[in-house]
Amino acid sequence: MKAPVEEEEAPMQLKGKGGLKTLPCIMANEILEKVASFGLHANMIVYLTKTYHMSPAAGAIVLFIWGAASNFTPIFGAFVSDSCLGRFRVIAIGCFVSLIGMALLWLTAVVPGAQPPACGHANDDCASPTSSQLALLFAAFAVMSVGSGGVRPCTLAFGADQLDQKGAPQNERTLQTFFNWYYASVGISIIVAVTVIVYVQDHKGWAVGFGVPVVLMAISAALFLLGSPFYIKFKANKSILAGLAQVIVVSLKNRHIVLPPDTTQVRFHMKGGSKLTVPTKKLRYQVHHQTLMITRSTHACIIRWNFCRFLNKACVIRNQEKDLNPDGTASNAWNLCTVEQVEVLKSVVRVLPIWSSGIMVAVVISQYSFPVLQAGTMDRHIGSKFQIPAGSFVVFSIITLTLWVAIYDRLVVSPLSKITGRPRGFSLRQRMGIGQVLSCMATAAAAVTEGARRRRAIEQGLADDPQGMVNMSAMWLVPQNCLTGLAEALNLIGQLEFYYSEFPRSMASVAVSLLTLGLGFGNLVSSVITALVNKISGADGGASWLDRNINKGHLDYYYWILTLLGILNIFYFVACSLVYGEEGQDKIWDDDSRTKHDLHSARELPVAV
């Protein structure tokens, strides 16, 4: 989240370092880390319900919170990387913290007494986990979340640092090749994680199934450190997030300043040579400051929102001798900001309504726990011998996402652009909207499939036997997974490119942070919805819709609620989109030149598992 540090700052230190020789260590670290971490997520609901005897609702809430933490910590990790420690140190620390977390999780499976005793013959004869047992389990989740916060936001950019040799004739092509290989390896790694690792857990037990990721993570950390002498390691620089925080703090300090209507009467602080000399009075250059009309009884009140003028106070020079150094820079960045800092924060504020509409899509994408339980009661055989693990059906979502990313530019854009008249086929917000529609279709398909599965279970007399096998193929779960993957590809990648089109180049990583933040809030909202549905539907003493016995519950009703919320969210998105206006127009940034490197250096394959 910082502007790139130029290589010329330390030419002697960079001689002989970086280049292709560093990529095996970096890519091996990334591949093994992805296999280890995602392999633990996919099947965890089975471990929580069968080993820790949690109800499906309780287990899902735990995983939602874990997912939220794993999406929030990378924002903190990126901040620490950019402003304090640098990418190499943050990745190295993240690897070892992740290793500790995975080792703690492995201990829950191998240490006697670390988990509740096995259930008796009766379904209800199960001991609840003790406080100490839950403490060890939750500590493992928390430590792994902290570790992921160090690895995930920095690896791609760190790899690009090794290859980005400005002025080299093949620089752009080399970077593009690296990014292509990176995305391909991430997709393959996650596919391996949710198939091979889950298969090992199902057939060799949790001790081995959790032990394999520990070994992989240890190898990952060791290989990364092995390449240390050959890496280019840029020093930490000022973080853009810190700059945004400074604008808010200085605006609060200067809140009592009265700005005259004529800005020529005020001196504003700007960077030397900046194109931005005077702050705007609006959130966008062609849109005036927002006016809210409220009609009450027989008269109308016009309330003008002075938020932009409030932010503009952060760059006002009150006392030139005290506020500025001799070279024109601010003597204290927490007392005076530049015009560009203020305008950057305005651009972030402006996209927040559209960003918030993506939270509901993140809610749908995070629903991977309940389908695992459904698949566990269905026929998962392919042929006469091989049986797909219940936790591996999410692979259809990942394959769909990966295929769409691969074919959209090559096969879809050209014919679609002839129909729509747009060079990219659909506009970014059209892609986001289509993704929202597909997410609603995914939950509707899940509701229909679960309704059919439940009816079939009752007809077979399995209403009181949640472990009984329903005579219904688990392949009926594939359509909802494919729709979810397609929704993720259209909406999340559309969001990322939309933020990038609205921000200056130096804020490319902020676009990733917004996307990650949305996924985190999606997990939190999912936990709230699950808790409310479970509590309200079971309030009369009967079976909850999310009952421990899914044949007695009504998981299909839960999916219909998500579908309804998704439909309401589409209307909200349309309203936000109409108010927003045109995208990517009339921006004047100091770094307005764009390259493919800028977009890819900020872009991570958005897989929410």
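The backbone N, Cα and C atoms fix where each Cβ goes, and this holds for glycine too.
In TrEMBL, annotation is done automatically, which means it is predicted and not curated.
Pulled from TrEMBL, these are the features on record:
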TRANSMEM  57-79  transmembrane segment
TRANSMEM  91-114  transmembrane segment
TRANSMEM  134-160  transmembrane segment
TRANSMEM  181-200  transmembrane segment
TRANSMEM  206-232  transmembrane segment
TRANSMEM  351-370  transmembrane segment
TRANSMEM  390-408  transmembrane segment
TRANSMEM  510-537  transmembrane segment
TRANSMEM  557-580  transmembrane segment
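Using the rule of three or more Cβ pairs under 8 Å, pairs at least 6 apart in sequence, the transmembrane segment (390-408) is in contact with the transmembrane segment (181-200). Of the Cβ pairs linking the transmembrane segment (351-370) with the transmembrane segment (57-79) and spaced 6 or more residues apart, 3 or more are under 8 Å, so the two regions touch. Highest Cβ contact count with the transmembrane segment (57-79) among the listed stretches 134-160, 181-200, 510-537 falls to 510-537 (criterion: pairs under 8 Å).
Sequence-distant neighbours of the transmembrane segment (181-200) (same chain, 6+ residues past either end, Cβ-Cβ under 8 Å): 27, 30-32, 34-40, 42-43, 156, 159, 208-209, 212-213, 389, 391-392, 394-395, 398-399, 401-402, 405, 604-605, 607, 609. Proximity of distant same-chain residues to the transmembrane segment (510-537), defined by a Cβ-Cβ separation under 8 Å and at least 6 residues beyond the stretch ends, is recorded for 1, 55, 57, 60-61, 64-65, 67-72, 74-75, 78, 153, 240-241, 348, 351, 355, 358-363, 365-367, 492, 495-496, 499-500, 503, 544-546, 554, 557-558, 561-562, 565, 602-604, 606, 608.
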